Amino acid sequence: MSDHYDHELPTGRNLFISILMNVVITISEIVGGIVSGSLALLADAFHNATDTLAGVLALWTLRLGRRAHDEQYTFGYRRAEILSAGINAGAMAVISFILFREAYERFLHPVPIRGGIMLVVALVGLVANLVSVLLLHRSAGESLNVRGAYLHLLSDTLSSVGVVVGGVVVTLWHVTWVDPLVTVLVAVWVLKEAFSVVREAGGILMERAPIGLELARLEADICALSHVKDLHHVHVWQVSDTETMFEGHINVDDISVNDTGPIREQIQDLLHTKYGITHATLQFEFECCQGAGLIVNGRD
């Protein structure tokens, strides 16, 4: 728990820095978008505003997840981070459809754009977004919650790149349709990444087994241990993106309760080291639940 807490300290600090930077970017891009008439810049500002909210939500749930387990939340508060990731991804999806609509309107009714202002503001936003992305890059691979906020920032960085390119094109060739085209491309990226996070967060909330875990191989490994006859009534699920739970019934030979201690230790060590399971509940039996399958319905 202390290692996890120590890891979250720099993560929380980096999230806070990225939030402050996004507030500055959002204000500058709103002003720049209004003055220049650039939809892509205003869209980028709107997206940056959601980045700020995403960062605030991620930071709050990161701190909430540190709370100790209690009588009401016996699994702790770590799923608050999964909810945060899902909410952030859902917001990204909504934003993408709003951007599609705004781009469509701008395609139908183009307006003059001051490419020079658009380009300068977009460059400032790009640099700030790159710094924020670098701050959260490492943590994004270790936490779904941070990944949700990170994807907001990464997609906005790509948006800033697109706005910069659009600013160059508008300034040099006065091609105004590039502005809504950039908006559409950003919206497609946002929607794609949002779906990825929603799918992963939804799987955890539905108590899905970790992706890649092969129950048949796990069963074979456990049944290969001395005195173990079969494994059944198995449940494997994720509480968060870093915590996996396991429970199962173990049929053993006619041995004393005291003799099941070493078997339990072997199974728990196997589950942790080979399958990444952080907590296991094992029920030892002798000739019980004959014919029960590895997976059974809760009613059975």
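Every residue, even glycine, has its Cβ placed from backbone N, Cα and C.
Residue ranges 15-39, 40-64 are listed, and TrEMBL annotates 15-39 among them as transmembrane segment. Note on TrEMBL: of 149-175, 176-202, the range annotated with the feature transmembrane segment is 149-175. Across the domain 'Cation efflux protein cytoplasmic' (214-285), the prediction's mean pLDDT works out to 94. Using DSSP to sort the residues of the domain 'Cation efflux protein cytoplasmic' (214-285) gives these counts of helix, strand and coil: 28 helix, 27 strand, 17 coil.
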